[in-house]
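What follows is a single structure, written as structure tokens, with notes after it.
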Amino acid sequence: MRMIDIIEKKRDGHTLTTEEINFFIDGYVKGDIPDYQASSLAMAIYFQDMNDDERAALTMAMVNSGDMIDLSDIKGVKVDKHSTGGVGDTTTLVLAPLVAAVDVPVAKMSGRGLGHTGGTIDKLEAIDGFHVEIDEATFVKLVNENKVAVVGQSGNLTPADKKLYALRDVTGTVNSIPLIASSIMSKKIAAGADAIVLDVKTGSGAFMKTLEDAEALAHAMVRIGNNVGRNTMAIISDMNQPLGRAIGNALELQEAIDTLKGQGPKDLTELVLTLGSQMVVLANKAETLEEARALLIEAIDSGAALEKFKTFIKNQGGDKTVIDHPERLPQAQYQIEYKAKKSGYVTELVSNDIGVASMMLGAGRLTKEDDIDLAVGIVLNKKIGDKVEEGESLLTIHSNRQDVDDVVKKLDSSITIADYVVSPTLIHKIITE
């Protein structure tokens, strides 16, 4: 088999066999296939696409290029949730203890943030003493005992994906549905999930800006999962404004605690209940989505979800008293109110710009090596559709520097107030095939 033949075959719009895809991935990881040939095939895929069988084969080739986490010692159906990323996306922090409280095992591998805000790991590390570097045996033991544990990404998972992603990043082949879908799904499958719930974001703060693109990605990932024996479904949710009210690590953790107490923002609570209901059904803990939703609401109302979060924090070395004493979380030195320049209704909160403003304060990373400030960020006091009076606070800037003129300038272009009301949509579609 020759790489040049595989490139020409895909260039001319033909279907690659599983053997050809395996030959490419194996050779590329070993270093036998040079970058210039790999980038040539990536560009051919970008223009000619792949069918469902090719996408599944590419995904499994990347899974098999490295280690796979063995979660077989964990009792029950392990359901993983993946979000394509957004601004103020606190769902994992709420979902993990919430679905664990209704007996769904959550063995979660999460990453650090790059860009707008921190990842789940950064947010959890805002809790004093919390550690995510735990070995596989401890990880499995914690999930069996308490139904929930979160670890940082480690080991040699999907090395082919890491190598191919770095190549796509510099060769203009990032925005390819088969390449994005196989990249995401290879990581989820290698992490040992039996079933997968996907939260595909769309809008100004999302990777997929249009609903059409988000749908294409959701369908691609759901089909890959189902084709390789992982029960998979996707929800397309809106990221035209940040989710919830908090953007920043300790601020989002506080918001997660409030949500588990039943006092969280409406949009975050609704998205968590929608995703959580799907997870509960996939884990065979309820027969219908309505029944699953009722179980989750009961777990919040009874305090069971909050108790689960406390035990989860304690199990991983963290100070569980932060739940009742949020002032023990990192606090920013200054709180600066950003006020409305006129009266009307909020019609636009550009997620990307608000995320960048939060990053300028120190809440996110530009490179993997950057340190982040866990205390800083932005809290939205108004959301799209809300009425606001001139001089009223639109948002609060939590900063460790007094001069935030650069941040204010960024925010000026991200907020629009008009004399008409806009009603945002939170959940656009549910995709099951």
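We count from 1, first residue shown onward.
Just so it is clear, glycine is given a Cβ too, placed from its N, Cα and C backbone atoms.
According to Swiss-Prot:
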BINDING   LYS81, HIS82, SER83, THR92, LYS108, MET109, SER110, THR120  phosphate binding site
BINDING   GLY88, THR90, LEU243, ALA246, GLU255  K(+) binding site
BINDING   ARG168, LYS187  substrate binding site
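Secondary structure at THR92 (phosphate binding site), as computed by DSSP, is helix. Under the DSSP three-state reduction, SER110 (phosphate binding site) is assigned to strand. Sequence-distant neighbours of HIS82 (phosphate binding site) (same chain, 6+ residues apart, CB-CB distance under 8 A): ILE184, LYS188, ILE196, VAL197, LEU198, ASP199.
Within the same chain, residues at least 6 positions away in sequence whose Cβ sits under 8 Å from that of ALA246 (K(+) binding site) are GLY88, THR90, GLU252, GLN254, GLU255, GLY377, ILE378, VAL379, LEU380. A C-beta separation below 8 Å, combined with a sequence spacing of at least six in one chain, links LYS108 (phosphate binding site) to ASP80, LYS81, THR92, ALA96, THR120, VAL148, ALA149, VAL150, VAL151. Per the record's binding annotation for phosphate, residues LYS81, HIS82, SER83, THR92, LYS108, MET109, SER110, THR120 show a top Cα-Cα distance of 13 Å. Around MET109 (phosphate binding site), taking its Cβ as the centre, 24 other Cβ atoms fall within 10 Å, counting all chains. Ranking the binding-site residues SER83, MET109, SER110, ARG168, LYS187 by the distance of their Cα atoms from the Cα of LEU243 (K(+) binding site) places SER83 first.
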